[in-house]
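Data first, discussion second: the structure below is written as structure tokens.
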Amino acid sequence: MDPMELNNVSIEPDGDSCSGDSIQDSYTGMENSDKDAMNSQFANEDAESQKFLTNGFLGKKKLADYADEHHPGMTSFGMSSFNLSNAIMGSGILGLSYAMANTGIILFIIMLLTVAILSLYSVHLLLKTAKEGGSLIYEKLGEKAFGWPGKIGAFISITMQNIGAMSSYLFIIKYELPEVIRAFMGLEENTGEWYLNGNYLVLFVSVGIILPLSLLKNLGYLGYTSGFSLSCMVFFVSVVIYKKFQIPCPLPALDHNNGNLTFNNTLPIHMISLPNDSESSGVNFMMDYAHHNPAGLDEKQVAGPLHSNGVEYEAQGAEKCQPKYFVFNSRTAYAIPILAFAFVCHPEVLPIYSELKDRSRRKMQTVSNISISGMLVMYLLAALFGYLSFYGDVEDELLHAYSKVYTFDTALLMVRLAVLVAVTLTVPIVLFPIRTSVITLLFPRKPFSWLKHFGIAAIIIALNNILVILVPTIKYIFGFIGASSATMLIFILPAAFYLKLVKKEPLRSPQKIGALVFLVTGIIFMMGSMALIILDWIYNPPNPNHH
């Protein structure tokens, strides 16, 4: 018997697709369950495989205790909501302001609400399919629906999503660790030293911290890291809201061509500190002055609107500081993939469901409603206030945008440190299921081997580092993974599994028609987004010096 598989699930009619009937009421033959569990081929699997099968939410309990799906869940409603919220929240929140800048406020809100609602509907389909299909494992549902191709499709989608998450975390290390070091050393700008090079730093962190943690057989700190990561993101959103009211618009002395602060190597650099309500920090802009002229401006240009503090604002500043409500450009194509990437939690829904106390589909759907709604509010706040801080100059990784405004700021430094610690500790957690899936696929029924354990981890980390070093910006990770694997996990696979496995509803029923429309919508989203992103790569090639 496969673990977490519902061998004896009845398929009695269930008129309410979110029925409150507990899934465990459907079991028969419970007297043989302990014997079946002990005879399971998975009973002797290594601890890492046990953790993967439940995605880390079952702690240190033996797999045999969970081999049958009739076991009662022990996780409270509140903790299940917290676990799912943490599964949703990730690095995608850092790219939402960029998405808003390239869609406009109103269009972004419409898209955000749409993706959130579709994610909830996807969870509904997944929970219904899990009961009818008799399994709480995503890959197993794929195998039951479409055989080996379905299993491989689910495996590839989940693995790609995890690799994308790993890469985005390493990108954050690449972006933010140099800024933290620069702040601690009191440097006003990146001097180009090796210890300020993000490519070197991400390699050092990967080899010195991430790889050793990935070699552990169990990740006992998982629970602590989950809570810490979510707390970091709440702190991040709070600081983004607070800083919006400190950053002036337009930003002083911006170069008219590229929107960056102008530096002139032939002129001395002076620091302008604008008034700030914070007692511990100021908003610092690096300015060049020659005879009190702003950087890069000649005598004729100085005739422009120069303020008494020597800071010149752009002539078109008022227009640049007006929020846009509808925007369409080549980068708008990244919006839906970024949102899809931010809302993916579906591989974690089933393990959390399996551990929910007094579980039922209705109760798990309520958990999903609360978690996704809470993340929706956080995403909207982060995107809106991040966008209103920088408008069109916002970057694809929001934290990095503050680097051109602040040379040093205590609150931002704390956010950067917290986020860096969180993502560094999260990378090994994401790596574990990737490695276990690869081992299960390539070396089925083989005993645990430290050589495979180490070698596969090293290869995965090496490939992700190469990806992070070669790919110029995190938006390509958000865009490609969001358009491919995230769309598969949210739209295509749940709908396809539902159409194939739920037999009691006729093909022309409203439920099946809705699932079919959902499937077609997902395919259109994936193909359209991928096509637009590829066109953007062709006609707007990335700047190799980006970041």
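Glycine residues also receive a Cβ, built from the backbone N, Cα and C atoms like all the rest.
Straight from Swiss-Prot, the features:
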TOPO_DOM  1-104  topological domain 'Extracellular'
COMPBIAS  19-31  compositional bias 'Polar residues'
MOD_RES   Ser49  phosphoserine
TRANSMEM  105-125  transmembrane segment
TOPO_DOM  126-151  topological domain 'Cytoplasmic'
TRANSMEM  152-172  transmembrane segment
TOPO_DOM  173-195  topological domain 'Extracellular'
TRANSMEM  196-216  transmembrane segment
TOPO_DOM  217-220  topological domain 'Cytoplasmic'
TRANSMEM  221-241  transmembrane segment
SITE      Cys232  site 'Influences on amino acid transport capacity'
TOPO_DOM  242-332  topological domain 'Extracellular'
DISULFID  Cys249-Cys321  disulfide bond
CARBOHYD  Asn260  N-linked glycosylation site
CARBOHYD  Asn264  N-linked glycosylation site
CARBOHYD  Asn276  N-linked glycosylation site
TRANSMEM  333-353  transmembrane segment
TOPO_DOM  354-369  topological domain 'Cytoplasmic'
TRANSMEM  370-390  transmembrane segment
TOPO_DOM  391-411  topological domain 'Extracellular'
TRANSMEM  412-432  transmembrane segment
TOPO_DOM  433-453  topological domain 'Cytoplasmic'
TRANSMEM  454-474  transmembrane segment
TRANSMEM  477-497  transmembrane segment
TOPO_DOM  498-514  topological domain 'Cytoplasmic'
TRANSMEM  515-535  transmembrane segment
TOPO_DOM  536-547  topological domain 'Extracellular'
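Cys232 (site 'Influences on amino acid transport capacity') and Cys321 (disulfide bond) are 29 Å apart (CA-CA, integer value).
Across the candidate stretches 196-216, 333-353, 412-432, 515-535, the maximum count of CB pairs under 8 A to the transmembrane segment (105-125) is reached by 333-353. Beyond its flanks by at least six residues, the transmembrane segment (152-172) meets 90-92, 94, 138-139, 141-142, 146, 202, 206, 341, 344, 347, 397, 399, 419-420, 423-424, 426-427, 430-431, 433-434, 437-438, 441, 460, 463-465, 467-468, 471, 474, 477-478, 480-482, 484-486, 488-489, 493 of its own chain at Cβ-Cβ distances under 8 Å.
Only residues 6 or more beyond the boundaries of the transmembrane segment (196-216), in the same chain, are considered here, and those with a CB under 8 A from a CB of the stretch are 170, 173-175, 177-178, 181-182, 187, 190, 424-425, 427-428, 431-432, 435, 453-454, 457-458, 461, 464-465, 468-469, 547. Residue counts for the topological domain 'Cytoplasmic' (126-151) under DSSP (helix as H, G, I; strand as E, B; rest coil) come to 22 helix, 1 strand, 3 coil. Within the same chain, the transmembrane segment (515-535) packs against the transmembrane segment (333-353): three or more Cβ pairs sit under 8 Å, each pair at least 6 residues apart.
Residue counts for the topological domain 'Cytoplasmic' (498-514) under DSSP (helix as H, G, I; strand as E, B; rest coil) come to 9 helix, 0 strand, 8 coil.
When secondary structure is read from DSSP and collapsed to three states, Cys321 (disulfide bond) falls in the coil class. DSSP gives Cys249 (disulfide bond) a coil state; it is part of no helix or strand.
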